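Per Swiss-Prot, the features are as follows:
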type: SIGNAL; residues: 1-22; note: signal peptide
type: MOD_RES; residues: Gln23; note: pyrrolidone carboxylic acid
type: TOPO_DOM; residues: 23-385; note: topological domain 'Extracellular'
type: DOMAIN; residues: 43-305; note: domain 'ZP'
type: DISULFID; residues: Cys44-Cys138; note: disulfide bond
type: DISULFID; residues: Cys76-Cys97; note: disulfide bond
type: CARBOHYD; residues: Asn123; note: N-linked glycosylation site
type: CARBOHYD; residues: Asn145; note: N-linked glycosylation site
type: CARBOHYD; residues: Thr154; note: O-linked glycosylation site
type: CARBOHYD; residues: Thr160; note: O-linked glycosylation site
type: CARBOHYD; residues: Thr161; note: O-linked glycosylation site
type: DISULFID; residues: Cys215-Cys280; note: disulfide bond
type: DISULFID; residues: Cys237-Cys298; note: disulfide bond
type: CARBOHYD; residues: Asn244; note: N-linked glycosylation site
type: TRANSMEM; residues: 386-406; note: transmembrane segment
type: TOPO_DOM; residues: 407-426; note: topological domain 'Cytoplasmic'
Amino acid sequence: MGLSYGIFICFLLLGGMELCCPQTIWPTETYYPLTSRPPVMVDCLESQLVVTVSKDLFGTGKLIRPADLTLGPENCEPLVSMDTDDVVRFEVGLHECGSRVQVTDNALVYSTFLIHSPRPAGNLSILRTNRAEVPIECHYPRHSNVSSQAILPTWVPFRTTMLFEEKLVFSLRLMEEDWGSEKQSPTFQLGDIAHLQAEVHTGSHMPLRLFVDHCVATLTPDRNAFLHHKIVDFHGCLVDGLYNSSSAFKAPRPRPETLQFTVDVFHFAKDSRNTIYITCHLKVTPADRVPDQLNKACSFIKSTKRWYPVEGSADICRCCNKGSCGLPGRSRRLSHLERGWRKSVSHTRNRRHVTEEAEITVGPLIFLGKASDHGIEGSTSPHTSVMLGLGLATVVSLTLATIVLVLAKRHRTASHPVICPASVSQ
């Protein structure tokens, strides 16, 4: 009553509540301005990918730990950050951390993903945040300069050289079984066949013929990894077909600038991972040039135990058995068209870029149902153990019942009187 009366008198004398009540009487909530900044920001640079992640990833006020964040299939770790920083940063090359590259009609697309996989802190067994996966893509136009800087007169970016000077764009893609479209899922079952299509987009360039010089399968995008398997070797010999597989080049070609081949999928027995990468070295020659030992596409046919080329004389494949293919002392005359092409290539080499060849990686190819998939094993092993236990118990019960019946019959035969089963057990 006294407080209300005092406020009423103050209002009459001073004419305002704000002069009478400098302190807020009723409790109020504090409102913070909403921010438009996304929790994950991506900068697609010329040769680098920069990912910036807010520690308040879920917008709940609970900060995540940088150690719970990784990038890509190879689980790349973020840069070291201070505890006072409110963001976590990744800076990686476009081809690092297992990123995947795809060639579309209008762009090169590099794709990867950000993983938040929380772990309990200290000795706790609880989590306060969820696992999250954020897909990331960088699109680079194929018909423009992707450099973020101005082009210097003394330096031509690789993409500019490839698209505007030589007009060559190489690609290696996984295809569906009918070769009609690109395979949407990279998953396989062991025993499946992978359909791969190598191609060069020539633009306004002279007609060219594409070859797969060599291919190698590895567990990571690094083609020089210690654990590897050669698929194509010796300048175009599909050596994987020598083993227990049907791997082969497809003949005839759909076009000179396209080469298709199949590979029986496999996994490395000495490693538990269920993914592989295939890296192929592609090259081109003028379309009118006759294939030779250095430029060929040869498959091994088991029914005849011989090598056969997609085009050209069968003699060019004989070196595949020797494991050494080359043309020592080659001195044949070049055609006028080839001399002009070589001159253009020489000019490109002087600018530090050789665009008649390229090394392309496709992957990862993921194998489902592999024996090392512990999640599958964990779900089936208990069931199998229970079934075995029940089966064993059944066998033991039947055996005991048989023994009891035999003993009862012998006892009846010896004593003649009819004895009820209850007396037998006594």
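Cβ atoms here come from the backbone N, Cα and C positions, even for glycine.
Features as recorded by Swiss-Prot, highlighted on the structure.
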| residue | record | DSSP (3 states) |
| --- | --- | --- |
| Cys44 | disulfide bond | strand |
| Cys76 | disulfide bond | strand |
| Cys97 | disulfide bond | coil |
| Cys138 | disulfide bond | strand |
| Cys215 | disulfide bond | strand |
| Cys237 | disulfide bond | strand |
| Asn244 | N-linked glycosylation site | coil |
| Cys280 | disulfide bond | strand |
| Cys298 | disulfide bond | strand |
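A count of other CB atoms within 10 A of each Cβ picks out Cys237 as the most crowded of the disulfide-bonded residues Cys97, Cys237. Neighbour count (other Cβ atoms within 10 Å of the Cβ, all protein chains): 16 for Cys44 (disulfide bond).
Sorted by the number of other CB atoms within 10 A, the disulfide-bonded residues Cys76, Cys298 start with Cys76, the lowest.
A gap of 40 Å separates the Cα atoms of Cys138 (disulfide bond) and Asn244 (N-linked glycosylation site). With a 10 A radius on its CB, Cys215 (disulfide bond) counts 26 other CB atoms from all the protein chains. When the Cα atoms are compared, Cys97 (disulfide bond) and Cys44 (disulfide bond) turn out to be 15 Å apart.
The shortest Cα-Cα distance from Cys237 (disulfide bond) to any of the recorded positions (Cys44, Cys76, Cys215, Asn244) is found for Cys215. Counting only same-chain residues six or more apart in sequence, the Cβ atoms lying under 8 angstroms from the Cβ of Cys280 (disulfide bond) belong to Leu172, Leu196, Ala198, Val212, Asp213, His214, Cys215, Ile231, Val232, Glu359, Ile360, Thr361, Val362. For Cys76 (disulfide bond), the nearest of the recorded positions Cys44, Asn244, Cys298 in terms of C-alpha separation is Cys44. Take the CB of Cys138 (disulfide bond) and look out to 10 A: across all protein chains shown you find 20 other CB atoms. Cα of Cys44 (disulfide bond) to Cα of Cys298 (disulfide bond): a span of 40 Å.
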